[in-house]
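The next block holds one structure in the form of structure tokens; read it before the comments.
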Ligand code: SAM
């Protein structure tokens, strides 16, 4: 059994667990919505944990934040208005604002404490929070989208916790209907869609709920994410219209730094594993 110098997240349903060796616990608090912990680890920098689940580490968050942002932004023909639901650590916001064509990025996280802790323990993820194009609000994303003006956002990025607790409603048809109405003609929603190895039932339920919400065009992208269950993660895009080829030349000439994403990774991330093809044939 691991001793107290390890943080472990047991994923009971999959009979697996993930552990990081820690130096010390830096902070913990019960916010209005969730239990937040911050650790200093031996090899992964700082680690944020929400309700016992790993959220973000200094060392490997680039996989997730880059793949939640750049594939969808380079798939849309000309994204100007972007909405991020969740994303309280602000890493996705930072990636979105690397795109010079983006004129407005609104981040809606239900829990302000996540952002305030990220500002202290992950300042590098918050470096774009004062960009004049950025707007941070701390309310329920479900309510915000319900009240959003029709035809008002080009891209919605749902960077939420797992489909439990305050995030459960972000995986339901009623929410997707509101997203569909808020999106512009070529609008695309992208949502973190868990692990295809461990959570195919969630991916299949999500597709069904998205379809009930009015979406008929989907693309799932796959990428590594060490600190999440199985280490293999996904994000699912749903479009109002059929997806055209992504803007590969723009991705080649992106003009900003990334650690993982490039146009080859973008292409490769669209390749569907055989079991996945069969599940959605
Ligand atoms: N990368 C993480 C993952 O895939 O699990 C997500 C990171 S981010 C910290 C998740 C955020 O979703 C949290 O800050 C949480 O407060 C937020 N969240 C959960 N439910 C929400 C809701 N209904 N509206 C807005 N934000 C929500």
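Here the Cβ of each residue, glycine as well, is placed from N, Cα and C on the backbone.
The annotation in TrEMBL ties 89, 159, 160, 161, 162 to spermidine, and of the candidates under consideration, 65, 70, 76, 99, the one tied to the same site is 65.
Site annotation (TrEMBL): S-methyl-5'-thioadenosine is bound by 34, 109, 140, 141, and the candidate from 13, 79, 163, 166 recorded at this site is 166. Between the C-alpha atoms of residue 109 (S-methyl-5'-thioadenosine binding site) and residue 65 (spermidine binding site), the distance comes to 16 Å. The Cβ of residue 89 (spermidine binding site) lies under 8 Å from the Cβ of 48, 55, 56, 61, 114, 115, 118, 122, 125, each on the same chain and at least six residues away in sequence.
Cα spacing between residue 160 (spermidine binding site) and residue 141 (S-methyl-5'-thioadenosine binding site): 10 Å, rounded to the nearest whole number. Around residue 34 (S-methyl-5'-thioadenosine binding site), a 10 Å sphere centred on its CB holds 22 further CB atoms from the protein chains shown.
Each residue contributes its Cα atom, and for residue 159 (active site, proton acceptor) and residue 140 (S-methyl-5'-thioadenosine binding site) these two points are 13 Å apart. Distances between the Cα of residue 65 (spermidine binding site) and those of the binding-site residues 34, 140, 141, 166 are shortest for 141.
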